[in-house]
Amino acid sequence: MGAASGQRGRWPLSPPLLMLSLLVLLLQPSPAPALDPGLQPGNFSPDEAGAQLFAESYNSSAEVVMFQSTVASWAHDTNITEENARRQEEAALVSQEFAEVWGKKAKELYESIWQNFTDSKLRRIIGSIRTLGPANLPLAQRQQYNSLLSNMSRIYSTGKVCFPNKTATCWSLDPELTNILASSRSYAKLLFAWEGWHDAVGIPLKPLYQDFTAISNEAYRQDDFSDTGAFWRSWYESPSFEESLEHIYHQLEPLYLNLHAYVRRALHRRYGDKYVNLRGPIPAHLLGDMWAQSWENIYDMVVPFPDKPNLDVTSTMVQKGWNATHMFRVSEEFFTSLGLSPMPPEFWAESMLEKPTDGREVVCHASAWDFYNRKDFRIKQCTRVTMEQLATVHHEMGHVQYYLQYKDLHVSLRRGANPGFHEAIGDVLALSVSTPAHLHKIGLLDHVTNDIESDINYLLKMALEKIAFLPFGYLVDQWRWGVFSGRTPPSRYNFDWWYLRTKYQGICPPVARNETHFDAGAKFHIPNVTPYIRYFVSFVLQFQFHQALCKEAGHQGPLHQCDIYQSAQAGAKLKQVLQAGCSRPWQEVLKDLVGSDALDAKALLEYFQPVSQWLEEQNQRNGEVLGWPENQWRPPLPDNYPEGIDLETDEAKADRFVEEYDRTAQVLLNEYAEANWQYNTNITIEGSKILLEKSTEVSNHTLKYGTRAKTFDVSNFQNSSIKRIIKKLQNLDRAVLPPKELEEYNQILLDMETTYSLSNICYTNGTCMPLEPDLTNMMATSRKYEELLWAWKSWRDKVGRAILPFFPKYVEFSNKIAKLNGYTDAGDSWRSLYESDNLEQDLEKLYQELQPLYLNLHAYVRRSLHRHYGSEYINLDGPIPAHLLGNMWAQTWSNIYDLVAPFPSAPNIDATEAMIKQGWTPRRIFKEADNFFTSLGLLPVPPEFWNKSMLEKPTDGREVVCHPSAWDFYNGKDFRIKQCTSVNMEDLVIAHHEMGHIQYFMQYKDLPVTFREGANPGFHEAIGDIMALSVSTPKHLYSLNLLSTEGSGYEYDINFLMKMALDKIAFIPFSYLIDQWRWRVFDGSITKENYNQEWWSLRLKYQGLCPPVPRSQGDFDPGSKFHVPANVPYVRYFVSFIIQFQFHEALCRAAGHTGPLHKCDIYQSKEAGKLLADAMKLGYSKPWPEAMKLITGQPNMSASAMMNYFKPLTEWLVTENRRHGETLGWPEYNWAPNTARAEGSTAESNRVNFLGLYLEPQQARVGQWVLLFLGVALLVATVGLAHRLYNIRNHHSLRRPHRGPQFGSEVELRHS
């Protein structure tokens, strides 16, 4: 009833077991139909002569009953309906009654004498008839038994697996699930099919199987068997049967272990460490078959020599138009070529050779049928045109040939010599059919290649079918015998099943299984009560048969090359075996054929000897572990399981898709960049319309290709670049929104950025000032408290309040985009760019490492401002008013250097005056930046840069976005900068920053467009700033003739480091808090009612700043910072400010610099340039730690280089602050300057000023309690900090920082 592929047929059983296998009844008991009196036993004498007449009478009656029962079973199995089940029930009950009356009669007449009969065939006949099996049971119990068989068969045959959340798409075992297991290489899809089938079928079968076991045992005990398993084993007529099998299994085990190790290695190459453990069992769903019993369907993954001709001829069969009928005709012709019988007309007229297309439910499991009328023999098979099925066809035709040859024997002898014989016959022929020589003869192989590599390919393919099956063929009945005997109780059904499967097969369940599952039931033979050890026996026998028949056919050479096609001698020898049926002991029949009466694995081992040796050599060469010592290992579940199962896993298709995306994206992104540039350099309504159109085109393209990207499962791709590109494309970003919402979102973004860019503030006389350059210059140069306050407040009142109405909807859309792309909120989406699960913790550690230096800088600057503005406006124990630090956002403080210079009499280190005096222009600034990069051996900017960039603010009246930005036009040659450059040292530094972006663009321009980004966003920000660290050194400014001296001495160094700290250290808390605020807005912990209050809470907490005038919830001060309305994440700048010092330290080392880090200038160092270029060339193609390692030699972000750079200044600040008795921090956190109090007193009488916010008294009281707690914590922290700094001072250095992430610099990145 089938061989190892799981597509197996029926073999003729003894009448009781035959009837058992035919019983399929309705759920509810019904009255038993009466047996026709003409079929009842008559009167016979109780002697051997009477027994002969009894046997003859039984034979004629049995043929009638068995024909009727088989017809009913056939009708049901080829059309599963309630009516057919009812008719089958009636026929089955008749069969049982027949077995009962004849069996009891045999016992009554011959029980004491039958074993002494002289006629051996008669002994076998009477012995068979007297075994009643289920017919021993009383009617009610018999009906219960039949009902269990019926329901188990129905559950298995109608089981389906439905696609998750799509009830309309359901898969049957055959062909859908079978095809998936055979052809899919998607780990998740295979898992879903495997788990779905085992759950759908196994779980409901368990209680039925438990009941079946109890009733079946009860029935066979009445026939003097200890349990059902003992009855099954009795067919093999050997008291040492189990021991013989164990001996044979151990003979074959080394070959299996070598095959297992080799296949496991191949699967590891495909699925990786995550899913395949080279020292563990193989997940059961990866081997090409639902039960991992034969592995030939994964031959393409394990083929030893893939350049040799393909031995899987499936594609040729399809190409040549083979169909099911033709496959059976080819098989028939093989049998007749041996002189065996052709199929009778009834076979072709009545068989079901394909799955019906008329909607009928059928039992697809392949099976061969004997109708016991000596002319009607059929096959039921849902045949698919594949090479594997061609072997199954020969297997089933082998059963039918057996039926034809023994059809004239007594019905009780119409069986194989033992059950394994019946399974072996068709497979013997399949061993010839599958040879390359035979495939060539039947037109399925163009030519036969006779060399060792082709032989190894062929033998490995055969081993995947034959050797892989052996432990499975052995263990199934090991488990059932344990169940029947009681050694395996129901509470351990599944545990023992998987114990055996791991022990013998070396496989494991791919998902957690427990005793609610019944995974044995997912195999046809368990619910259909078909013994399975026959297949193990047949796999040994068939090679013994093959060896003997090849000898008869005169074959010379290796056994695996033998083809007995057209050998009449072999056919005659085989016919003798078939015609004997089970009329003689199987040992005698075997000896007649092979010369030995014992099962023996020698012929099988001879057949596979070449590949056995090859596998051993391969495994030794690869250092494979034979076996699975880590037997408890289990694979994890895939991400997004089970939703992501129906995904494409073909890497070649993915490669073509990526190429298509890259080609089309470059064109579209170039067009979008042009439209965006036109708008940013000439803000008009017409330009905004064009930009929105192009933005929609980009979104549509992103949606189209992102949607296609989502159809790929990249988890097991071997090409890491394709994997990385597709994973990135799967994030659809804003394109995931429905068209109307996308249009609204784009409009909100455009409106917010336009509002920001076009805003200006006006005096009462009507004179108006834009942010660039007027307000920026005022904030940088004015030292008038009220003038600074007017500029600061007016900008926020004008811009922030105008942005606020858009912002809540922007947040809502941003979160919706993130969630639709699989993130928890927009903040989660932004953080994902850093590919770190610990990003927030790592950033916090870095911030904490730098906080002592910032607190010392803050205290020192506050003292200097107190000297200038007095105690009315500066509290030495409180926060600093935010408008006094030289910058609209107090993010960098270098513009107030003149107020805070440690040694004012030391030479000036600001090159602005010299630049103006020498007639520097914006173009000259960028030429010098370009020269710096080329001095390192890096690329010069192309001509397009100079022709198309906007390097200063236009004077033709155009409105432009002045915020500096670098642009990549995605054509490999057009790169531009947009900057309203002023001739000053700050803009010289910014120019180097922006040229850093351009250099990055040029270095990675040949990568796929998806990789044309920084390793992480902070990397892109850091590159230009690295150059600025060298450019800012007095040594380099002197080389540009911008300083009169290189400068030297302690005071000069401290002045220089102070100026750098006002840029770099002052910026750290600001760059950290902006996205702290936005992330909390996105996750909902900051609501729109508290936008401004929480903004100032963070600015107080991290920067130690307060608003100089009261702010209310009607204000929206975050919106006054470009990156907030422009939707540009900001933590990249924090990252870049950390990592630029790590890079600087590494490049200085490469340049051979010795001495303090702050004096290093890498100008003209080709070694430093190469180090940097190698990292930039990677773009986004590798995770950022790899790029970090290329430059610094290690993969982590760390503040140590930054601390090292500022070490002399840190020590000076600690000394200076101690000398003045400065407070570190701002314990009087609720203080506000007089301006705030004055304005606050004129406000509405029922509101009070709190932290510069204008709140209800109750709100303020709650806030005071919160801040009281913070104050106490800050006081404790301050005491600890003082102690820490004391220790630092004593040891002449700050503590080495904890290794963690890194950050970047303060200019908008526009290239994506």
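Positions of Cβ are set from backbone N, Cα and C atoms, glycine also.
If you look up Swiss-Prot, you'll see Glu396 marked as active site, proton acceptor 1. For Glu396 (active site, proton acceptor 1), other Cβ atoms within 10 Å of its Cβ number 31. DSSP assigns Glu396 (active site, proton acceptor 1) to a helical segment in the three-state reduction.
Annotation comment: Swiss-Prot describes Tyr236, Arg534 as chloride 1 binding site, evidence class sequence analysis. Sequence-distant neighbours of Tyr236 (chloride 1 binding site) (same chain, 6+ residues apart, CB-CB distance under 8 A): Asn418, Pro419, Val537, Trp586.
Cys162 (disulfide bond): 13 other CB atoms within 10 A of its CB, across all protein chains. The disulfide bond annotation in Swiss-Prot covers Cys162-Cys170 (among others).
Under the heading disulfide bond, Swiss-Prot lists Cys364-Cys382 (among others), citing sequence analysis as support. Taking a C-beta cut-off of under 8 angstroms and a sequence separation of 6 or more, Cys364 (disulfide bond) has the following same-chain neighbours: Ser157, Ser172, Leu173, Asp174, Pro175, Lys355, Gln381, Cys382.
Here Swiss-Prot flags Cys550-Cys562 (among others) as disulfide bond, drawing on sequence analysis. The Cβ of Cys562 (disulfide bond) lies under 8 Å from the Cβ of Leu431, Ser432, Thr435, His546, Cys550, Ala553, His555, each on the same chain and at least six residues away in sequence. The secondary structure of Cys562 (disulfide bond), as reduced to three states from DSSP, is coil rather than helix or strand.
Sequence annotations record features per position, and here Swiss-Prot assigns disulfide bond to Cys762-Cys768 (among others). When secondary structure is read from DSSP and collapsed to three states, Cys768 (disulfide bond) falls in the strand class.
Residues or ranges marked as disulfide bond by Swiss-Prot: Cys962-Cys980 (among others). Cys980 (disulfide bond) counts 21 other C-beta atoms within 10 Å of its own C-beta, drawing on all protein chains shown. DSSP assigns Cys980 (disulfide bond) to coil, not to a helix or a strand.
Taken from Swiss-Prot, the feature disulfide bond covers Cys1148-Cys1160 (among others), and the record attributes it to sequence analysis. DSSP classifies Cys1148 (disulfide bond) as helix under the three-state reduction. Sequence-distant contacts (6 or more apart, same chain, Cβ under 8 Å) of Cys1148 (disulfide bond) comprise Leu1157, Cys1160, Ile1162, Ala1168.
On the 0 to 100 pLDDT scale, the domain 'Peptidase M2 1' (45-629) averages 95 in the predicted structure. Among the features that Swiss-Prot reports, domain 'Peptidase M2 1' is placed at 45-629.
Of all the Cβ atoms in the protein chains shown, 17 others lie within 10 Å of the Cβ of Asn59 (N-linked glycosylation site). According to Swiss-Prot, the feature N-linked glycosylation site maps to Asn59 (among others), an assignment based on sequence analysis.
Here the Cβ of Asn79 (N-linked glycosylation site) has 16 other Cβ atoms within 10 Å, regardless of which shown protein chain they belong to. Taken from Swiss-Prot, the feature N-linked glycosylation site covers Asn79 (among others), and the record attributes it to sequence analysis.
Among the features that Swiss-Prot reports, N-linked glycosylation site is placed at Asn116 (among others). Within the same chain, no residue at least 6 positions away from Asn116 (N-linked glycosylation site) has a Cβ under 8 Å from its Cβ.
The feature N-linked glycosylation site is assigned by Swiss-Prot to Asn151 (among others), with experimental evidence given as support.
The N-linked glycosylation site annotation in Swiss-Prot covers Asn165 (among others).
The N-linked glycosylation site annotation in Swiss-Prot covers Asn323 (among others) and rests on sequence analysis. All protein chains shown were included, and the count of other CB atoms within 10 Å of the CB of Asn323 (N-linked glycosylation site) stands at 14.
Taking a C-beta cut-off of under 8 angstroms and a sequence separation of 6 or more, Asn682 (N-linked glycosylation site) has the following same-chain neighbours: Arg958, Glu959, Val960. Taken from Swiss-Prot, the feature N-linked glycosylation site covers Asn682 (among others).
Per Cα geometry, Asn151 is the residue among the recorded positions Asn151, Cys162, Asn323, Cys762, Cys962 nearest to Arg534 (chloride 1 binding site). Shown are the disulfide-bonded residues Cys170, Cys382, Cys962, Cys1160; of these, the residue with the fewest other Cβ atoms within 10 Å is Cys170. Of all the glycosylation sites listed (Asn719, Asn765), Asn765 has the fewest other CB atoms within 10 A of its CB. Cα of Asn719 (N-linked glycosylation site) to Cα of Asn59 (N-linked glycosylation site): a span of 68 Å. The two recorded residues, Asn59 (N-linked glycosylation site) and Glu396 (active site, proton acceptor 1), have Cα atoms 26 Å apart. All protein chains included, Arg534 (chloride 1 binding site) registers 29 other Cβ atoms within 10 Å of its own Cβ. Asn700 (N-linked glycosylation site) counts 14 other C-beta atoms within 10 Å of its own C-beta, drawing on all protein chains shown. Of Cys162, Cys170, Asn323, Asn947, Asn1196, all annotated as recorded positions, the residue with the shortest Cα distance to Cys962 (disulfide bond) is Asn947.
The disulfide-bonded residues Cys550, Cys762, Cys768 differ in how many other CB atoms lie within 10 Å of their CB, and the one with the most is Cys550.
Straight-line distance linking the Cα atoms of Asn700 (N-linked glycosylation site) and Asn323 (N-linked glycosylation site), rounded to a whole number, equals 45 Å. Least crowded of the glycosylation sites (Asn151, Asn947, Asn1196), judged by neighbouring Cβ atoms within 10 Å of its own Cβ: Asn947.
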